[in-house]
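Read through the structure below, which is laid out as structure tokens, and then see the notes.
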Amino acid sequence: MIADRGASVGLGSSFDRSLLLLVPATLFMVVLFVYPFIYGLQLSFRPMEGNWLANYTKFFTTDNLWSTIGTTLKLAVPATVINIGVALPIAYQMRLKSRYQKWVTTLLVIPLTLGTVLIAQGMLGYFGPRGWLSQTLQFLHLYEGPIRLTHNYWGVLISLVISGFPFAFLLTLSYITGIDPTLPRAAATLGASPWNQFRYIYLPLLVPGLAMAFALSFVQAFSVFPSAVLLGSPAGATRVISIAAYEAAFEQYDYSMASAVAMIMGFVQLLVVAAILGARGMFYRGPVTGGKG
Amino acid sequence: MDSHRLVAKLWKSLIALVMAFFLINVGLMIAAVATSSVAQRWLGTWLPAGYTFNWYLAAWKEFQLGGVLLVTVQVVAAVVFLSILIGVPAAYALARRDFPGKRLLMGLFLLPLMVPPITYGIPLATVMYQAHIAGTIFGVILSNMIPAVPFMILVMTPFIEQIDVNLESAARVFGASTFKLFWHVLLPLLAPGILAASLLVLVRTIGMFELTFLTAGPDSQTLVVALYYAVFAAGVRAPQSVDAMAIIYMTITLVWLLIALQFVNPTQLVSRVKEHPQTA
């Protein structure tokens, strides 16, 4: 494999057999991802009734359909901003290797294992009107009456933070520790304050990683489905777009409409991701880990 | 200088406070579910009236957990194994070779991680229903591999890039065949990376709700989906037995995640830097 490297890279004439290793994965993605996607796209233009654009017209003229985009964004954007915004300073603090780092990381990662249902049950119990939190607040006379943090917008937002923060933290931590620590050390030798080390060394190098972490966190928050049903009010304040898609497919059995909603969902999602990744192009791009090998 | 130190101290305390706030609330939330799962009756008091383990037994019977767990194990094992089989060779080629269309191919592998599972899950389910594989374990495995294969590739590519090409060249010089090169040189070097990536795929697959939800039938539900139905589906269930099931789910995922953390340094998940001597 290595022997024919020169030929394949230099001249590009002889066929590089190691590229065959890509065939199974590519084939798999084409058959199970690209094909259904294209199938769904064309299915969305073949509505049960009306002309080829009927599904899309229906989506954008029906109140409880097109408003789901706004509802989803209103949940996903704040959740992502909170998750990355809190993960960044914490991960920055945790960047130095220590015993402490390992313990804190493990503790912060545990919520990843909870699962939507445990979070939902836990929130209904703990944050609910008669849960421990409510009882404690009343016991201490900090707040009278039952608190309302479930079956509404806040319930879903809190669950998105609980499940999304560990993920955002792990990613951010991983990007921060990927930055060569000799750079800030050099800056410190030249008298840079901790804030300036962060501002002029870490932050610019982090931007690509942060953009990626933001995009991936956003995908998770944007596709919120079970918690919007279990913790929100799925008919009202938290009627997110995936609920609309699910209802079309499995309650009305209108796969054409469901595909249209899925396509709109994917389009909005990709628009946001493209905007984030496009914005990062305005910052420094280059190696962050220094000389390797 | 002193004011600087004060600000730094305040900042550190603030961060510790935020972390403590998050962890305490999540901890109490888990404790609430755990308490409820062993509670005889618990209505708006600090602690339940009495304790029992019967809910676990009830959950096991009522939700046919034995069967569900078997399906989960089969699905997860197949997804992990097949993603290694397909993903690792692809990651190797992507890490070692440059070819026209490489960026496009990387894009193809990145895309499933960048769009919500429901977006491709609904058309996929539609296609699978037509092909009569939806509702079977096979369908569930295939759909769960869609995010797993790209994930495997994206985690393994930087890992393989790190391995010195000279090692492979040296093996070649000494006359190793491609198979021997792979078996004796690459595999041992890649083993930790593969282990790490597959543990992460495992944890992700146990928790993957949407794709299983869209493509599973009554006999091919994994634990997450069964759990969702237990809460959502018609019929009045005691919340305690749902809580018991949620605790079982959490324990299973947690065990695997803790095992994963023994092998994967979470700080080296996406980027690697040579270990430097530690400084305070």
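Every residue, even glycine, has its Cβ placed from backbone N, Cα and C.
Copied over from TrEMBL:
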type	residues	note
DOMAIN	A:69-276	domain 'ABC transmembrane type-1'
TRANSMEM	A:20-45	transmembrane segment
TRANSMEM	A:65-91	transmembrane segment
TRANSMEM	A:103-127	transmembrane segment
TRANSMEM	A:153-179	transmembrane segment
TRANSMEM	A:200-222	transmembrane segment
TRANSMEM	A:255-277	transmembrane segment
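For the transmembrane segment (A:153-179), the partner stretch with the highest count of Cβ pairs under 8 angstroms, out of A:20-45, A:65-91, A:103-127, A:200-222, A:255-277, is A:65-91. A contact between the transmembrane segment (A:255-277) and the transmembrane segment (A:20-45) is present, since 3 or more of their C-beta pairs, 6 or more residues apart, lie under 8 Å. Taking Cβ pairs closer than 8 Å, the transmembrane segment (A:103-127) reaches residues 90, 94, 133-134, 147, 149-150, 155, 158-159, 162-163, 165-167, 169-170, 173, 226-227, 230-231 in its own chain, all 6 or more past its ends.
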